[in-house]
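Here is what Swiss-Prot records for this protein:
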type: DOMAIN; residues: 64-202; note: domain 'Flavodoxin-like'
type: BINDING; residues: 70-75, 117-120, 153-162; note: FMN binding site
type: DOMAIN; residues: 234-448; note: domain 'FAD-binding FR-type'
type: BINDING; residues: T322, A356, 386-389, 404-406, Y410, 419-422, Y599; note: FAD binding site
type: BINDING; residues: S519, R520, K525, V526, Y527, V528, Q529, D561; note: NADP(+) binding site
Amino acid sequence: MTTQVPPSALLPLNPEQLARLQAATTDLTPTQLAWVSGYFWGVLNQQPAALAATPAPAAEMPGITIISASQTGNARRVAEALRDDLLAAKLNVKLVNAGDYKFKQIASEKLLIVVTSTQGEGEPPEEAVALHKFLFSKKAPKLENTAFAVFSLGDSSYEFFCQSGKDFDSKLAELGGERLLDRVDADVEYQAAASEWRARVVDALKSRAPVAAPSQSVATGAVNEIHTSPYSKDAPLVASLSVNQKITGRNSEKDVRHIEIDLGDSGLRYQPGDALGVWYQNDPALVKELVELLWLKGDEPVTVEGKTLPLNEALQWHFELTVNTANIVENYATLTRSETLLPLVGDKAKLQHYAATTPIVDMVRFSPAQLDAEALINLLRPLTPRLYSIASSQAEVENEVHVTVGVVRYDVEGRARAGGASSFLADRVEEEGEVRVFIEHNDNFRLPANPETPVIMIGPGTGIAPFRAFMQQRAADEAPGKNWLFFGNPHFTEDFLYQVEWQRYVKDGVLTRIDLAWSRDQKEKVYVQDKLREQGAELWRWINDGAHIYVCGDANRMAKDVEQALLEVIAEFGGMDIEAADEFLSELRVERRYQRDVY
């Protein structure tokens, strides 16, 4: 199958102009980027940039505030599209990241729109945690003069589907806010629901907010979105895989790969803290197994996004086969009248458990049925790209991007199963083979602007990836700030990822301290949170010296355990109770001194 990438000729800038723009903006702060956006708008309209960046007086019109709370970029894209719709309707709108929002201003909001995703076990995105805590605290103000709407993005394969949006919606109403529209909960395939919701929001707001004068129809407080590139999630770069190296030992229970991808002369840029989006193909053997279990041939024509494709091709390129969901189980049970699965229908907990423990192909194996090709396609979810924390800095690797991939492998009744994207990169892409990629920028996981600022990095397992990028950048910048790494894994001899590199950084004085937790090398299990408590006094000194704290890895257990350890350290060595420690950590988050990249 040939992947079509938009030719550069379609861009309004030639390659040289695009390169100059990228070079000029790559190290600007979000605030500076927002100002530059207003400046260019002012130049275009022959008005001073200051006017373009100044909100209209509140007395003249009630402004609309859109809060974007995004984890992987989808919520941000919906918020940006809504902002553009409202500007087209000549309404005065302000778009802001939840992490930049001064939440004490919420009492003065008249028209408030929240677009949010959900992470972990129903938690809000990292950039919205402080706002979420504030609204659920005793400090939250009454909002009787606020009308609001919430669009919630989620993944129905998780138990706490769209929980963050549900939280914001219920709390805003509880505080006295008036719902402009009922909340919308959108699944992975959110685009159609988002488009319909945006149109309804515009219609609802037209009757609430007077039309702005031309000079006032400008987005203020812009979300961090100015990343100039012809490549995106919907138009990925076709790059080539240059290195696929296993970096765990022969006897390790884990298969972790160091992957290097050659970006060629694409000009694709990224920063430490960003993620690499990977569009993968399903395993042809898995496709064949599923098709045969359903008594199909694979050459049946099916319709995908208005195009007719053979079933095998559609399944390999366009549909999710490695993640089951409660909805899929329920729909399959209803379609096939399976005696095994029908008793689960209506019991959310049992459906979730079955979906989490039984891949789609094994669900079909255990409850065989005959479906036609279109029925199968309608049962499945669209394939979505996987995001991997980038493990390199272009200050060192230039036109490459590195990722650290934990390959998902397991057995179901003796049959080997694997994760879709991780096995694609590890097993099915040959050297110099094509990989479709894009950069998902993450402005909520950034090194300090001041190179003298100390950095504390906590990243067990593959959570170490962005800190490799951080250290490459700090070394290239000759940053004088101290660096401290906490890393953990089961065994020292088998699972010390990038061991030689960390040892070199210590020897060269770039890595000031390193604390290692090997959970299976002794009778008593030791994790990174235990090392945090053990080093509590020194950790508190670093925090008092202005250190930034970064956490990367598992959201469900590790991140919570690490946060609890940090709270205990702050309470003990800061001489405060847990409630005060929680306030202290929340302040660090607001100040961007406590940042997490968890999944």
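Glycine is no exception: its Cβ is also placed from the backbone N, Cα and C atoms.
For the binding-site residues D155, D561, the ranking by surrounding Cβ atoms (within 10 Å, all protein chains) places D155 first.
Across the annotated binding residues for NADP(+) (S519, R520, K525, V526, Y527, V528, Q529, D561), the two most widely spaced Cα atoms sit 18 Å apart.
Less than 8 angstroms from the CB of G406 (FAD binding site) sit K254, D255, V256, S422, G461, T462, each of them six or more residues away in the same chain. With respect to their backbone Cα atoms, A421 (FAD binding site) and S519 (NADP(+) binding site) stand 27 Å from each other. Among the binding-site residues listed (R386, T404, Y527, Y599), Y599 has its Cα nearest to the Cα of G120 (FMN binding site).
With respect to their backbone Cα atoms, T322 (FAD binding site) and Y158 (FMN binding site) stand 14 Å from each other. Q529 (NADP(+) binding site) sits 18 Å from Y599 (FAD binding site), taking the C-alpha atoms as the reference points.
All protein chains included, F161 (FMN binding site) registers 21 other Cβ atoms within 10 Å of its own Cβ.
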